[in-house]
Each structure stands twice: as structure tokens, then as C-alpha cells.
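Feature annotations, courtesy of Swiss-Prot:
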REGION    115-135  region 'Disordered'
BINDING   Gly169, Asp170, Arg171, Gln172, Thr173, Gly174, Lys175, Thr176  ATP binding site
SITE      Ser362  site 'Required for activity'
Amino acid sequence: MSIRAEEISALIKQQIENYQSEIEVSDVGTVIQVGDGIARAHGLDNVMAGELVEFSNGVMGLAQNLEENNVGIIILGPYTEIREGDEVRRTGRIMQVPVGKELIGRVVNPLGQPVDGLGPINTTNTRPIESPAPGVMDRKSVHEPLQTGIKAIDALVPIGRGQRELIIGDRQTGKTAVALDTIINQKDEDMICIYVAIGQKESTVRNVVETLRKHGALDYTIVVTASASQPAPLLYLAPYAGVTMGEEFMYNGKHVLVVYDDLSKQAAAYRELSLLLRRPPGREAYPGDVFYLHSRLLERAAKLSDAKGGGSLTALPFIETQAGDVSAYIPTNVISITDGQIFLQSDLFFSGVRPAIDAGTSVSRVGGSAQIKAMSKVSGTLRLDLASYRELEAFAQFGSDLDKATQAKLNRGARTVEVLKQGLHKPLRVEKQVIILYALTRGFLDDIPVVDITRFEEEFHAWLDSNATDLLEEIRTTKKLADDDKFAAAINGFKKVFVASE
């Protein structure tokens, strides 16, 4: 067997030509300290603020503090397996969550992973959780109503699509009930709802999901949950994950409602992280950028211009107060960021006025321009009537000699309070709200006993469905008040068959 030198040299040349040198370079650091959901790593010289990093056991982290000789990382998962000396590497990515219509009807955690036991979510679309809010020229003024189905809100503090309306009150005053009723009322409104539960008990979140399912609202709702048992980083990230999922729909021309329940717990989680990262504390031990924490979240709610597709994202943030103190740090911050607030008062709640909305201190700064014409006509004097009733009510307790005008105001006020009461999970279509408020403000209910007002209203709505569908349809389609004669005929027609209690 003869060896030919030319063949060998040709083979060697071919090998050299085909040789590819692939070197994989990754920026790696070493964990020097770990505990309480925080790790400090040496190295990672080129890491970006907010970049995802990966520990050797596969757990992800978020680079937060970029210091001279180490990086402070918040750990997004179990941290008990991470040890001093472990390797941590850059990923080159900032944190993203899955988005898209595949998430609708599902319960997910702030990382977009399903927690409802219904299998994986088949979406490949993702969006970064931190993204700039739409600019001035990309927005349009709020002009379309978002009907909550709650008379006291739609009449007194109307909400428009693209608005940010704060719901504030002590614990156990019905804040979550207001949000759930609003979500349930969006059934035929082509609206996608996102309910973000921050620091809630898992049993509470389960009840919310079951309530939504029972009313058929889970078909257009995404639930994002970071329960009280989960680490602080997930509570901090939950609202951003929720708004990111909503933005995907908004930028595609859809209308979205995002409920944050509640931002007080997110602020507390952020305070915990900041103190563990050794950032200097400020007022109430919150870090200096706690205002920016909420402003950058709520500024992402917008009504987009027609050039951008005309979509909208409406935000309903919740804040829990301590003993009605709205002058604390976080409540005043969020009040100054939002376009109005709905105060829920515990004394009203416990006296049986539910929803316990305080008409005197609740405002909507931009919702008035979104209210339909019919509603603004019938609810025009409602706020003043209620305010003067509350004032007179206090004086009337001291003396019994009241002139007729004062007595009439007290009678009308008592009926107004009764009409604005509403049962749990019983949102009302706007046309029915308009008719009952018309009956109230035009004096048709003045001769109905106060104890019968609630029953009168329930029976009246049932009567309208079978005897005055044309009137309901006219208000629904034109969004304007029908002729006074039509209203009077309908109301008087029902009053003839209504039997007052003895």
C-alpha cells in the first residue's frame, strides 16, 4: 500500500479550510453573599440595570444595584439553594412576560407562568415589563365612557376609557367588590380585563376567580396573582406584568381595564427590597423613588390617538388606608398621579350604605367628558343634593321644627341614598340607571315610602324589560334622554301597579 503525499496534503488543507473556531463568551460573576431573596455578586462588570441574570441552579435574578465592586440582585424564585461562591451569568435580556390572547381566561404568576393547573400557555409573544409610556402626541383625550354598572360611580364619579381612577379606603370597605362588579359589567362591551392581585391570600384570589367564572367574566379576563406567601420580588413585579399584558391589546386597537389590588402592598414589597439592598430610607422608611415606582406604572394607562389604533388602557389602582388616613405617604402620592379618586368610607359601609362611596370627597377629573349625555342630564344636581342632605341631616338631629323646603330636601336626600345603594355583583345597564335616576331627580319617587325604594326599583326594572323595551333601546342607541312624556308615561304606568307596604 503506497502512501501518496499529495492526498495527505490535500486532506490536511481541506481540514484546515473547514475548521471553525467557535468560542462562547459569557459574562460571569460569583455570589459573595445571599439571603432574604437578595444576592450580591462580584464580577458581572458589564451588566445592565434591570437585566436578567441566571444562577448556576437555573433560578433567575434581576440586577438592581450596580455598585463599585458588586451587583445587588433580587432573586425571582427560591433562594435557599443558592450558595456563596456559586456562579451567576448574564443573559443579555431584560425581563419579559408572555402576552397575547392565549392568556385570556387563565390565572398566571408575575412571570407569566400558569398557576391554575390548566396546562401550559401556548404563546411565543413576549413584551418587556418596563416600557416607556405613550408620549403626548400618541394620546387622545378621554372621551368614551367605561360603564361600571354601579349607579353611584357612573352618576357621580364617571370613569372614561384611558383614565386612571384610584379606589381608596380602609380594609373591608368593598374595594374589591367595586372592581369585580366593573369587570362583570364589561360582558358585552368588547373589553379585556386584567385583575392583578398583589399580596392577597390565596383563598381570596380563588374566590375572585370563582366569582368571575360564575358570572361568565373569565372569558375576557386575565388574573395575575402574587400571593402573600410569595417572595417580595414577585409582589413588586406583579403590576408591571399586568400592565404589559394589557399594553399588547391596547397597541392592537383593543380596550383594556387593569385593576391593581392593591398598590399599598406593592409599595411595602418594594420598601422591603430597597432596605435589603441597603438603599437609604426616606419618609415612612420608603426609598426615595417610591413615587416613580407608581408613576411609571400608572402613566402607561392611556387613550391612544387614532394614528396609533385608538386603543385604550384604563387603570383602577387600589390603596388601602389605615383608619381613613388619606394624608399618609403612599395615598397622597397615588392621589396626585391619578385622574381622580373614589373614597370608600367604613362608617358608611357599616351603616348599610353599599357601595360605601363618599360623594363629597370622591372626584373624577376627566370622566365628565366621557359621560353619556343622558346620564349627565339626570345626574347633574345629584352630588349637590347629596352634599346638602348630609349637612342638613346633621342639623336635623338637633331640632324638630323644620320648614317645608328643608323637609323636602331631607326626604329627597333619603331617597337618593336608597337609590344609590346596590347589591353585590348586580351591575346595572346604563339605560336602566338613567331611568331610575330620572325618576328620582324629577320627583317621581317623592311619594314612595323610603323603605320601599329598593323594592320599587327592582320591580320597576323587571317591568321595564317587558313593557318599555323601546324606551330602553332609545337611550342605549342615542345615548340621549328621550322625551319627558315617554319617561312620565313609563314611570306613572308602573306606579299604578306598584303596591306600597303598609
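Going from the start of the chain as shown, residues are counted 1 onward.
A Cβ is built for glycine as well, from the same backbone N, Cα and C atoms used for every other residue.
Note that the structure is predicted; figures quoted are calculated from it, not measured.
Here the features listed in Swiss-Prot are painted onto the structure.
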residue : record                       : DSSP (3 states)
Gly169  : ATP binding site             : strand
Gly174  : ATP binding site             : coil
Ser362  : site 'Required for activity' : coil
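In this structure, the CA atom of Gly169 (ATP binding site) is 11 Å away from the CA atom of Ser362 (site 'Required for activity').
For Thr176 (ATP binding site), other Cβ atoms within 10 Å of its Cβ number 21. The Cβ centroid of Gly169, Asp170, Arg171, Gln172, Thr173, Gly174, Lys175, Thr176 marks the ATP site; residues of that chain outside this set whose Cβ lies within 8 Å of it are Glu320, Leu344, Ser346, Phe349, given in sequence order.
Residue pair Ser362 (site 'Required for activity') / Lys175 (ATP binding site) shows a Cα separation of 14 Å.
Counting only same-chain residues six or more apart in sequence, the Cβ atoms lying under 8 angstroms from the Cβ of Gln172 (ATP binding site) belong to Ser346, Phe349. With every protein chain in view, the residue among the binding-site residues Arg171, Lys175 whose Cβ has the most Cβ partners within 10 Å turns out to be Lys175.
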